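One structure below.
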């Protein structure tokens, strides 16, 4: 399943990020890619050795960790270190699949269950640059407002179309979920959404408490921590 997570960053935060990223050191994006991806990748990334990068990636981690909808959809166990990329002048990233595991500075290795892109450019400011994701439900083309995030299974083939006008800047990361299976995670997300909707409509009652108990028992049964 694919999820649109709105408002991860406020417009003020986005503007500040963009201003700081104008001063960043950018390097060839292929430095973080395996052999298959390097053949189809043509973009730039912020140098991960810079002081600015360390500050910005911490802000992204804090923002997603505090977003209730992100947590409900991803049920994250481990988040990768966020990266930042830039596309301009017809730069693109052809269809590829993300690696199943990635190194992690604290945990050694992590499994990539979900991929996330946090958009940092106004969609009207550039042409092209759509994230295209192929999954079991078909093909999805994504170009979200700045500050919004898209979450999708890392097992999906995906690409970024050429940016023919302007500049597309984004942050991206991977998530190891407490729930490995996409279908089970989607069921928990739907159940959680319905519980929250019923609580807002009717307040606390025995039926809602029973559903909440069911949610946590399923989470207890399926989670890997």
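Cβ atoms here come from the backbone N, Cα and C positions, even for glycine.
Feature list (source: Swiss-Prot):
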- 78-177: domain 'Fe2OG dioxygenase' (DOMAIN)
- 96, 98, 158: Fe cation binding site (BINDING)
- 168: 2-oxoglutarate binding site (BINDING)
Which listed residue (96, 158, 168) has most other Cβ within 10 Å, given these are binding-site residues: 168
- line: Cβ contacts within 10 Å for residue 98 (Fe cation binding site), all chains included, total 20
Message: Could you give me three numbers for the domain 'Fe2OG dioxygenase' (78-177), the DSSP helix, strand and coil residue counts?
response: 3 helix, 60 strand, 37 coil
Of the binding-site residues listed as 96, 98, 158, the one whose CA lies nearest the CA of the residue listed as '2-oxoglutarate binding site': 158
- line: The predicted model's mean pLDDT over the domain 'Fe2OG dioxygenase' (78-177) is 96
